[in-house]
């Protein structure tokens, strides 16, 4: 968001967690977070969610409608949880592209998938979600899991995803969202701002990255706002499903 107190030539600012920073600095700061946590990313996901993130991702796979021969783009694919399942679904005649802007996360994902024997129909691309380096009307399905909140210009990223989808193609956005009850919200806040940074300190020696995680979730658009953004970008039949009381939401939209 722009700061109206600054002159017309001043660089626009945006949020990095609860901080207000120049737009050009956000990508650098986000990159530093993920360079720091990449090696322990999977372990922390299991610890933070009690393993429930695997159920959230399984539901994403089920709702994707991906089948044999499809071409899938997994944006912010990180350590490859979704890519691994999509690779199995699309088979040898299909293709999965794991894209991530962060080189450290991309390396961890590539190494992990190769160790598990996932190859042949998977490729790895370092890419910015706002400027996807793929042709128009190219993919049957695009997913972004726990990545959109880190993007500086979310509206541009959503339009970029629309562009690379084929007509009738599906976008699925899996992201932390707004809990549906005030009681759950209070408990979630206590966990996020107290236990999460402590866990990050103990496991990765980096409390600040997990403090940013908690703050970035609160700054991310809520369920209805993100739905409206997808409609505004040009998606049809946009719906969302709350999971774990709205702590996580899965949005789905179709390209006309």
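Placement of Cβ uses the backbone N, Cα and C atoms for every residue, glycine included.
As written in Swiss-Prot, here are the features:
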| type | residues | note |
| --- | --- | --- |
| BINDING | 79, 100, 128, 129 | S-adenosyl-L-methionine binding site |
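Residue with the densest Cβ environment among the binding-site residues 100, 128: 100, by other Cβ atoms within 10 Å. Spatially close to residue 129 (S-adenosyl-L-methionine binding site) yet at least six residues away along the chain are 75, 76, 99, 101, 144, 147, 148, 151, 157, 160, 161, judged by Cβ distances under 8 angstroms. Largest Cα to Cα distance within the recorded S-adenosyl-L-methionine binders 79, 100, 128, 129: about 17 Å as a whole number.
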